[in-house]
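Below is one structure, written out as structure tokens; the observations come after it.
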Amino acid sequence: SVITLILILLSTLREQLIQPEKHPDFWKEWAQRTLKNALTLQDLNKNVAKNIILFLGDGMGVPTVTAARILKGQMSGQSGEETQLEMDKFPYVALSKTYNTNAQVPDSAGTATAYLCGVKANEGTVGVSAAAVRSQCNTTQGNEVTSILKWAKDAGKSVGIVTTTRVNHATPSAAYAHCVDRDWYSDGDMPTEALQSGCKDIARQLFENIPDIDVIMGGGRRNMYPRNTPDVEYPGDKKHNGTRKDGRNLVGEWIDRVKDKKGYYAWNRKDLLSLNPNNVDYLLGLFEPADLPYELERNKETDPSLTEMVDVAIKILRKNERGFYLLVEGGRIDHGHHEGKAKQALHEAVEMDRAITRADLLTSIYDTLTVVTADHSHVFSFGGYTPRGNSIFGLAPTVSDIDQKPFTSILYGNGPGFKLVNSTRENVSTVDYEQNNYQAQSAVPLRMETHGGEDVAIFSKGPMAHLLHGVQEQHYIPHVMAYAACIGQNKDHCRTNSGSPSLSHISPTLALLLAVKWLLC
């Protein structure tokens, strides 16, 4: 049959592709190329970082990085293992210890405070020190800590936040808020006692604490509007209505504030992509009432991809001659894992890698420090002695020698994928384990899978990237970024005799090439 013929041709093609790997010279030449590249790293990039970008894969532990690499390759017809993610190409890799001050296995709020504010904190709190106690409003005052986003803004740089979650979710909120409870999205989510004590919800702090954040993109519309206000996109669905008890329209207030400053609000992909970044100085993009949809489920007419948001953000921010700071969160990697939906999580990670590639095209390694890391890991794993090129979502090659049933390579230590059929483990060959929302089997039944506690990777390139080395505490990250950019507390090394920031010498030819690249992008 035609199908059989196609399968034979594909098998033959694959065999031809891996033929070189059977020769020792293939591997030796590859190693020699890698060695030559490694030798160039001795010439350290000690330039001043005009721009700094932090890509945060929420929940993107090392197993997730590896599995996403394989998925990326398989999406383009390769076996996958030999593929390179964009972050794999970064010259420096370190490990980050992720614990919170009161937690061995952390959450996304305490970790965000560490890698954005440079101070370790308790789980569930954002932008406050460990002296603040979760949900206790009266422990807020006096314990606030500021973030690298604010340090950059105070230094005259443009700043931006791009996320696939709500813009007032745990990760982005640590960049601007000081809140003892990450769940206080709007005042409608806060206890009366906290409101009476003067604590502010996170959505309000987004617009009040640092009122001139240049670019804000993500979800979270419902926390910006008065209670019962219908959503612009889903007017008939009450669960998407506004949640604010104070009656304020935060989006309307923002629009009024920037209407004479080249400020624009967008709530869908078409509006966003119709903007000319050269004519935009301030941008607020809120594309969903809560989190953005998974990349696999994204409506390409209404919701922008993370790559598209990053593209627009950089083109707006880079107009500032003093440079910019940009926080980019691939936030739904975490959500996919919590739901036991590995396929959703890994496609989110691949999309974030696309965004990293786009950022690379729009910036230069000579003046832009780019860091890619995660806040924490998950109890996600893949194994089972799978052969080369096995679908990352596929079965292990053998059945269990205990219950004689097949199992998928991907498994979770705990989570919603635990299922018994007739008092025994479900036979996964009877279900579609490659569908988008398949929940991989887990060892312990939980409604939501948990975070993992192991170290996560830090990939870095650009000025001073070599300072991110070895095994480090998570709160070290923003201090390195600030040092590289001559912002925050470490500035003495940035002064020449004239008192102005210095930059290592770049030849006129190289400067011209960089300018041409910038214009073409």
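Every residue, even glycine, has its Cβ placed from backbone N, Cα and C.
Copied over from TrEMBL, here are the features:
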- 1-18: signal peptide (SIGNAL)
- D58, D334, H338, D375, H376, H451: Zn(2+) binding site (BINDING)
- D58, H169, T171, E329: Mg(2+) binding site (BINDING)
- S108: active site, phosphoserine intermediate (ACT_SITE)
- 226-245: region 'Disordered' (REGION)
- 235-245: compositional bias 'Basic and acidic residues' (COMPBIAS)
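Here the compositional bias 'Basic and acidic residues' (235-245) has long-range neighbours at 185-189, 203, 221-229, 289-290, meaning same-chain residues at least 6 beyond its ends whose C-beta is under 8 angstroms from one of its own.
Nearest to E329 (Mg(2+) binding site) in space, judged by Cα atoms and limited to the binding-site residues D58, H338, H451, is D58. Nearest neighbour of H451 (Zn(2+) binding site) by Cα distance, taken over the recorded positions S108, H169, T171: S108. In this structure, the CA atom of S108 (active site, phosphoserine intermediate) is 13 Å away from the CA atom of H338 (Zn(2+) binding site). There are 28 other CB atoms within 10 A of the CB of H376 (Zn(2+) binding site), with all protein chains counted. Around the Cβ of D58 (Zn(2+) binding site), a 10 Å sphere holds 28 further Cβ atoms from the protein chains shown. Secondary structure by DSSP for the compositional bias 'Basic and acidic residues' (235-245): 3 helix, 1 strand, 7 coil. Listed in sequence order, the residues G59, D107, S108, I333, H337, A374, S377, H378 complete the 8 Å Cβ shell around the Zn(2+) site centroid, once D58, D334, H338, D375, H376, H451 themselves are left out. T171 (Mg(2+) binding site) has a Cβ environment of 29 other Cβ atoms inside 10 Å. Of all Cβ atoms in the protein chains displayed, 31 besides its own lie within 10 Å of the Cβ of D375 (Zn(2+) binding site).
Less than 8 angstroms from the CB of H169 (Mg(2+) binding site) sit S108, T163, R182, G218, G220, D291, G331, each of them six or more residues away in the same chain.
Counted within 10 Å of its Cβ, the other Cβ atoms near E329 (Mg(2+) binding site) come to 29, all protein chains included. Of all the Cβ atoms in the protein chains shown, 21 others lie within 10 Å of the Cβ of H338 (Zn(2+) binding site).
Across the fold, the C-alpha of T171 (Mg(2+) binding site) and the C-alpha of D58 (Zn(2+) binding site) stand 8 Å from each other. Listed in sequence order, D58, G59, S108, A345, H378 are the same-chain residues six or more apart from D334 (Zn(2+) binding site) with CB atoms under 8 A from its CB. Each of the recorded positions S108, H451 was scored by the number of other CB atoms within 10 A of its CB, and the lowest score belongs to H451.
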